[in-house]
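Everything below concerns the one structure shown next.
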Amino acid sequence: MVAEHTSPNVTGHHSVDVQTVIPNDTNNQTKRNKRMNNNQMKLHGFSGGIEGGERRPLANKTFNRQVSLGTGVTVLGMDKGFKDTCNSNGDGSTSLHRSGTSLGRLRDGVGGGVPRKGDFSIFRTKSTLNKQNSLLPSRELDPHVSGLMQEDPVNKSVPAGRYFAALRGPELDEVRDSEDILLPKDEKWPFLLRFPIGCFGICLGLGSQAILWGAISSSPTLSFLHITPIMSLVLWVLALTVMIFVATTYSLKCMFYFEAIRREYFHPVRVNFFFAPWIACMFLAIGLPPAFAPARLHPAVWCAFVIPVFALELKIYGQWLSGGKRRLCKVANPSSHLSVVGNFVGAILAAKVGWLEVGRFMWAIGLAHYLCVFVTLYQRLPTNEALPKELHPVYSMFVATPSAASIAWKAVYGEFDAVARSFFFIALFLYISLVVRIEFFRGFRFSVAWWSYTFPMTTASLASIRYAEEAPCFFSKGLALGLSMTSSTMVALLFVSTLLHAFVWRSLFPNDLAIAITKDKNTSGGKQGKKSTKKTYDIKRWAKQAPFSLVSSITKSLSVDKDSDGHLTT
């Protein structure tokens, strides 16, 4: 028979004293058993450094746990990992070594050990922190800490205002220097996480070009160019191929990283690109080459592509109308035009299937919301600080909506009358106002966002061709030819640049930092946090000296005064 005697040593580890017990010495055995019971192993508060306090039985494996309240990130160390991650303070506590720019890469404690790879499972489909920590024994978890983790999960929806506060750039795709992110910046992410929904802008550019070259080949105004329908067919096949590739890749992202899809949906800019896949499909249906297109498309084509757009509009426009956290004056940006363009493109497709009244209904919806978006963006009340002053490719969306409105009016009413011309003239003025500020479009690195140039320029070219057909003259023909050649040249340059960055330089898809921001900003060490804490303390100190009725009124007002993110404001 042996007896184990445990006692903590100087370094915080425990030694086991194994001694032989004489069977016939019952008194000594009884004393030894009592001493062993009194010297149970003490838990040395790995996160708080508690000494000589709470006593808990030692589990088979010791672990170290650290919880970041700002992000809900939990770091676990098992056996050897616990010894390696302990810092040099000698108290057994551990700390999360951060560079201040990323929470995804965690480094071992002593001497800057080998860095660990980032944990991308937090963005996987149906992943939660509780599922990540399922390997932990339930008896080892602190109920208080577990409750905090459940209240602030990593994958909880991020408020729209948080994106404007944490990101910068016209598309809100660059993280501010003061922000931490959930995934590592210095490590290349999986391809699906780096594949943004903005890639459907490539499909919009190629699909609209197929329609443009089909209009050039069939327009009597530009018949002197002698363009054959072969060019339109080649572009249509290319657009279809790219659409299949992009749609398949993004579908895989939905399957494996659905939490990243949710974050893109709550992004105030990228939520508008959820209309892009359906608009691109409508472009393919409208630009179907005459050799394959029937005299009238089947109505099921309209239902398959427009109903998803209509469902998204009910959600997005409902948020604008209800005046909640995502009201239009708070989330408006130039890409909001994309949600309006879907109505006008749907009206054109309705005319293709013979549903003229449905097309007029879609046109009316587009007109109402275009006026709202146009006026809100001109006022620029909430987004004046969020969006920089310099222009960017996405600002060309101002040209797309009135151009599409003029083409849709011609399709559903059969003539390019005063209404269609008015919208075309609005688009022409906005086009010129962007061209004269060409210097603002310089100095930006190439990205998928540059495809935002192509779709509005192509739509304006199509509208100019329709105008030249109704008012044929030297100026209208020259305008239609100039705009068409400009848009086609832009598409060709961007297509070549995209191929080079994707397959030669491999720089087309950098880490998508915009979706990895934390839900709440950690201002514990900043001036804002100190100012807020001091203000709260001053109010509480003053309230203690105030009459009881005044204190009660202040307490009630504080309990209902909350900001848009759900935090108490004082």
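Backbone N, Cα and C define each Cβ position, glycine as well.
Positions annotated as region 'Disordered' by TrEMBL: 1-35, 89-110. According to TrEMBL, the compositional bias 'Polar residues' annotation covers 1-25, 89-102. If you look up TrEMBL, you'll see 26-35 marked as compositional bias 'Low complexity'. Annotated transmembrane segment per TrEMBL: 191-213, 233-252, 273-293, 299-317, 338-355, 361-381, 393-412, 418-436, 448-468, 480-504, in sequence order.
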Response to the item:
If you count CB pairs under 8 A between the transmembrane segment (480-504) and each of 233-252, 273-293, 338-355, 448-468, the winner is 448-468
Fill in: Interface check, the transmembrane segment (448-468) with the transmembrane segment (233-252), three or more C-beta pairs under 8 A
no
Worksheet item: Which range out of 191-213, 233-252, 361-381, 418-436 gives the transmembrane segment (273-293) the most CB pairs under 8 Å?
Response: 191-213
Item to complete: Sort out the residues at least 6 away from either end of the transmembrane segment (233-252), same chain, that have Cβ-Cβ distances under 8 Å to it, and list them.
Response: 192, 195, 197, 199-200, 202-203, 206-207, 209-210, 213-214, 277, 280-281, 283-284, 287-289, 291
